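> Just passing along the structure, written as structure tokens.
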Amino acid sequence: MTNITHLLGEIKDIDETLKVHKLSKQDYEEILKILKRPPNLIELGIFAAMWSEHCSYKSSKKYLNGFPTKAPWVVQGPGENAGIIDIGENLCAVFKIESHNHPSFIEPHAGAATGVGGIMRDIFTMGARPVASLNSIRFGDISDNGTLGKKHRYLLRGVVEGIGSYGNCMGVPTIGGEMSFESCYNGNILVNAFCLGLVKKDEIFYGKAEGIGNPVIYVGSKTGRDGLGGAVMSSDSFSSTSKAVRSAVQVGDPFAEKLLLEACLELFKQDLIVGIQDMGAAGLTSSSFEMAGRSGSGMTLYLDKVPMREEGMNPYELMLSESQERMLICAKKGCEQQVLDIFAKWEVDAAIIGEVTKSGIMELFWYGEKCAEIPIAQLSENAPMLDMPLRPVAVQTHKANQLKTSQSAQEIFITLLGSVEVANKRWVYSQYDSSVQSNTITPAGSGDASMIRIKGTNSALSMSVDCNMRYCYLDPKNGAKIAVATSGRNSIVNGAKPLAISDCLNFGSPHNPEVMWAFKEVCQGIKESCKVLNTPVVSGNVSLHNQSDGVDIYPTPSIVSVGLIDDVSKVVSSTFQTQGNMLVLLGEIKAEFGGSLAQKILEGHIYGQIPSIDLTQEFALWNLMLEASDECMLSAAKDIGEGGLAITLAKMALGNGECQPIGCNVHTHLPSQLLFAPSQSCIIVEVAGEHLNTLKQKAKQHKIAFTEIGCVGGDIFCVDEINISLEEMKKLYFESFEKLIAQDL
């Protein structure tokens with residue numbers, strides 16, 4: 001038995017203790033009011049974790065209010081472990097995106113791996129089997145020839161290995177994602193992990209603890225000291241000395257999680273439990289307080305009953321450890337042994353560590369001695385909200401309607417196609433198992449959205465993650481609108497109707513008034529776009545304090561759009577299909593280069609107005625595309641993105657490298673620089689001749705510009721003055737990124 005006298009007495013140096021726990025004097029005054037006495041160290045640690053930015057959203061919550069969260073197909077919106085939408089045939093999709101930025105910068109492999117593990121637990125804790133994963137990862141100047149580039153290539157390799165190793169061991173396919181490189185991430189990379197699962201509509205479980213006397217059961221890996229202070233660490237800034245917090249990074253074991261997953265799914269088939277919650281950030285503290293808080297209950301925990309991996313652990317460590325692969329269950333009274341037997345069958349630790357009470361109080365005991373007593377509602381539901389100061393940043397109003405370069409269109413094309421931003425990332429996604437479970441239709445690198453079929457039905461789900469952080473830096477509100485629209489458009493081009501989004505809002509320091517103004521603007525942009533596009537927000541995550549040595553990242557709202565197609569045979573390809581088919585531009589190319597990839601690469605900096613977006617026009621384009629794909633008019637489609645029309649056509653020609661590329665002959669009659677303009681609400685479609693007039697009429701009905709620009713065919717890529725062989729394009733597109741990564745090996 002570990003002596004805990006030092007944890008129960010009066011805190012001697014309160015100022016230093018508050019500093020270590022990232023609590024303010026005002027926080028401490030509030031704690032005194034709640035407890036009506038000074039806290040002991042255990043209680044102070046619990047308050048620090050639950051009131052951290054990571055757990056409480058104290059700086060951001062006020063701006064999230066007003067997100068559209070309801071629709072006839074929404075079963076569960078924000079507030080639970082994940083969002084849920086009805087996809088028909090008594091099935092629901094459960095999904096969420098979440099950040100694991102700070103841990104991944106400190107220990108890239110472990111940080112990324114546990115990020116994947118944590119988001120998977122959020123999904124299967126609701127009764128769903130995970131069936132697909134995505135990721136959005138962002139690094140600094142990876143092309144730098146010095147130590148900075150070497151460092152970020154190391155970080156990239158570690159993150160990719162961590163994502164791949166965990167997902168592959170879990171048997172969950174990683175089917176897509178996005179990757180970006182900007183100097184703003186030099187001191188703070190981003191690793192956002194997304195997971196989607198499927199569950200029957202009448203078999204959903206929630207994170208609640210109710211029913212007086214119901215037992216509270218700990219299941220999963222034993223608790224160690226890894227991850228101590230993780231929630232507080234994730235709510236703090238980085239500096240050049242941040243390597244000292246390695247101990248706050250959790251250590252994952254995907255094999256243990258696989259056993260936990262299967263044991264939980266077996267448990268869900270029987271009527272044995274009331275609720276279940278993942279032990280994520282803040283570990284046993286957050287799971288217990290959140291479960292009881294949602295139900296208005298109290299709870300008693302006997303911490304000496306918690307399975308421990310290390311000797312000499314104390315209540316402070318047990319409550320705040322973020323050891324991975326652990327869950328907390330509220331079982332039905334009298335069903336304890338059946339629950340324990342299921343986990344014993346799967347060789348997963350399980351122990352009864354407490355019970356639900358009616359007190360509304362969390363009471364913690366250590367070998368019969370009460371060591372903490374805290375009102376639950378004050379921590380779980382009523383954390384202090386901060387009204388951080390805002391300072392608007394002038395959105396640039398001058399138009400960037402041309403690229404300041406003397407390069408020809410051919411030279412610009414070659415530069416962009418081989419750039420680290422555009423070049424194919426098969427070195428990355430080849431490390432992910434994208435075909436396990438045998439449901440994948442379009443894996444990473446094969447389509448604008450990634451798609452899986454829904455077993456036992458004729459339907460398929462699409463999912464895509466997107467955010468152009470340069471746009472959000474220059475114009476946060478409209479940049480966020482573009483992120484929502486683009487993520488949904490990626491599903492549209494493959495034939496699926498977007499139904500809902502999950503967002504991961506990555507920002508710098510909330511103490512910087514300009515950062516909080518950008519946060520407010522981004523939230524407003526998301527609200528407006530989701531309302532017009534009818535894609536409610538059902539889950540999400542906020543990650544603040546993404547800055548290092550005073551340098552904030554660009555505002556980066558990673559948006560995942562999830563869509564549904566009723567007939568899997570109507571999925572539209574993103575690559576050229578048939579020689580002789582016509583190519584059509586839907587939408588209008590405009591001279592808008594502010595924040596574009598071409599501007600960044602060719603001019604060395606970004607400035608000016610970002611591409612404009614008309615959400616009503618965007619929605620009309622979606623409806624046109626859904627009609628056309630449903631009537632099987634489209635052979636292929638791809639939206640115009642980074643690099644403009646020329647790069648979009650190049651990707652359609654080259655595909656993912658597994659099939660023979662097909663050339664094209666295109667004459668746009670556009671000024672040459674406009675071939676690289678990333679205009680919004682624009683899609684290239686491949687159409688057989690017999691469907692051309694019908695599609696043209698439909699475009700007219702929806703008031704969408706329709707321009708025939710050429711045809712598919714040949715072994716030359718010819719787009720206006722760009723004329724290049726497919727072999728040369730393949731070399732640039734498929735080898736550039738791999739060469740960059742290989743230089744350190």
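Every residue gets a Cβ built from N, Cα and C, even glycine.
As listed in Swiss-Prot for this protein:
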{"type": "ACT_SITE", "residues": "HIS54", "note": "active site"}
{"type": "BINDING", "residues": "TYR57, LYS96, ASP503, GLY540", "note": "ATP binding site"}
{"type": "BINDING", "residues": "GLU98, ASN541", "note": "Mg(2+) 1 binding site"}
{"type": "BINDING", "residues": "SER99, HIS100, ASN101, HIS102, ARG121, GLN250, GLU322, SER323, GLN324, SER543", "note": "substrate binding site"}
{"type": "ACT_SITE", "residues": "HIS100", "note": "active site, proton acceptor"}
{"type": "BINDING", "residues": "ASP122, ASP278", "note": "Mg(2+) 2 binding site"}
> Listed binding-site residues are ASP122, GLU322, ASN541; which of them have CA atoms within 10 A of the CA of LYS96 (ATP binding site)?
ASP122, ASN541
> Just to be sure I understand: of GLU98, ASP278, ASN541, which binding-site residues have a C-alpha no more than 10 angstroms from the C-alpha of ASP503 (ATP binding site)?
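Those near ASP503 (ATP binding site) - Cα within 10 Å - are GLU98, ASN541, in sequence order.
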> Restricting the comparison to the recorded positions TYR57, GLU98, HIS100, GLY540, which residue's C-alpha is spatially nearest the C-alpha of GLU322 (substrate binding site)?
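Going through TYR57, GLU98, HIS100, GLY540 one by one, the closest to GLU322 (substrate binding site) is HIS100.
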> Name the residue among the recorded positions HIS54, TYR57, GLU98, GLN324, ASP503 whose Cβ has the smallest number of other Cβ atoms within 10 Å.
TYR57
> Can you name the residues of this chain that are 6 or more positions from GLY540 (ATP binding site) yet have a C-beta less than 8 Å from its C-beta?
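Residues satisfying the criterion: LEU64, PRO78, LYS96, ILE97, SER502, ASP503, CYS504, LEU505.
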> Take the C-alpha atoms of HIS54 (active site) and ASP278 (Mg(2+) 2 binding site) and report the distance between them in angstrom, rounded.
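Between the alpha carbons of HIS54 (active site) and ASP278 (Mg(2+) 2 binding site) there are 16 Å.
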> Roughly how wide, in whole Å, is the group SER99, HIS100, ASN101, HIS102, ARG121, GLN250, GLU322, SER323, GLN324, SER543 that binds substrate, by largest Cα to Cα distance?
20
> Out of ASP278, GLU322, give me whichever of these binding-site residues has the highest number of other Cβ atoms within 10 Å.
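The residue with the densest Cβ neighbourhood is GLU322.
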> According to DSSP, does ASP122 (Mg(2+) 2 binding site) sit in a helix, a strand, or coil?
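DSSP assigns ASP122 (Mg(2+) 2 binding site) to helix.
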> Taking the Cβ of each of the binding-site residues and counting other Cβ atoms inside 10 Å, which one has the highest number: SER99, ASN541?
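Buried the deepest by this measure is SER99.
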> What's the longest C-alpha separation between any two of TYR57, LYS96, ASP503, GLY540, the listed ATP-binding residues, in angstrom?
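Output for ATP binders TYR57, LYS96, ASP503, GLY540: max Cα distance 17 Å.
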> When you rank HIS100, ASP278, ASN541 by Cα distance to ARG121 (substrate binding site), which of the recorded positions ends up on top as the closest?
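Nearest by Cα distance to ARG121 (substrate binding site): ASP278.
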